[in-house]
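Report on the following structure.
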Amino acid sequence: MNDILKIGKYELNSRLIVGSGKYKDFQTTKEATLASGSELITVAIRRVNITNPNEENLLDYFKDTNVKFLPNSAGCFTAEEAITTFRLMREATGIDLIKLEVIGDAQKTLYPDVIETIKACEILKKDGFTIMAYTSDDPIIAKRLEDAGADAIMPLAAPIGSGLGIQNKYNIAFIRDAVKVPVIVDAGIGCASDASIAMELGADAVLANSAIACAQNPIQMAEAMKYAVIAGRLGYKAGRIPKKPYATASSPIDGLIQF
């Protein structure tokens with residue numbers, strides 16, 4: 001299926017993005033990522049060793065693959081922190097495709113601070129970054145982020161790592177209608193069916209981390225996510241039948257034997 005996902009100047013064949021946290025080791029991270037078919041893995045900048053060549057480095061495990069790294073600003077709580085983090089990262093690596101995260105509540109929900117996110121987005125866009133912005137499932141905020149220069153909107157389905165699945169299907173659909181840039185459902189995915197539902201709602205892609213890394217069999221779950229995203233995308237493009245309150249016969253009544 002030739003169905004390219006375009007994010008700014010970047011093109012991806014897979015509509016599944018994966019995370020790198022919570023795995024037992026880097027080798028499992030690599031094997032699960034390859035099983036998922038994903039071409040993009042997000043990594044917290046503060047967790048990646050880019051200065052000490054003598055320490056184990058996740059980046060080294062993917063040198064022989066086509067998987068690209070998507071640096072994120074997890075751990076940043078202000079626009080200024082995120083901006084500084086990404087500028088230093090680009091200077092060290094040359095990577096300009098980023099996942100912008102500015103957290104507002106670090107204790108319970110890990111919900112984003114959308115005001116600080118918008119501020120950071122405006123400045124980073126002027127700096128030439130291609131921005132994928134993590135945000136709430138508010139369609140108004142999604143539009144504001146698009147106006148601020150976001151190349152993709154990443155609304156949460158539920159709190160990060162909760163596995164609750166999509167808590168507000170209507171808002172995800174509203175966001176899809178509100179913006180023209182890709183919508184990538186991020187956070188809260190718990191199983192393959194969650195990913196498929198997100199795609200059926202019109203999301204352009206899904207990001208999954210905990211659902212894969214914390215599964216009993218991460219590699220098998222990664223493969224399940226791969227096919228769930230494909231199935232959901234195909235179903236969305238095919239167009240579902242309308243919901244009706246009553247039955248509609250699937251077989252014609254013409255030619256029935258008359259008693």
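Yeah, the Cβs are placed from backbone N, Cα and C, and that goes for glycine too.
When Swiss-Prot records Ala187, Gly188, Asn209, Ser210, Ala211, Ile212, Ala213, Cys214, Ala215, Gln216, Asn217, Pro218, Ile219 as binding 1-deoxy-D-xylulose 5-phosphate, the matching candidate from Gly149, Gly161, Gly239 it lists for that site is Gly161. Rounded to the nearest whole angstrom, the C-alpha distance between Ser210 (1-deoxy-D-xylulose 5-phosphate binding site) and Lys99 (active site, schiff-base intermediate with DXP) is 17.
A distance of 17 Å separates the Cα atom of Gly188 (1-deoxy-D-xylulose 5-phosphate binding site) from that of Lys99 (active site, schiff-base intermediate with DXP).
Shown are the binding-site residues Gly161, Gly188, Pro218; of these, the residue with the fewest other Cβ atoms within 10 Å is Gly161.
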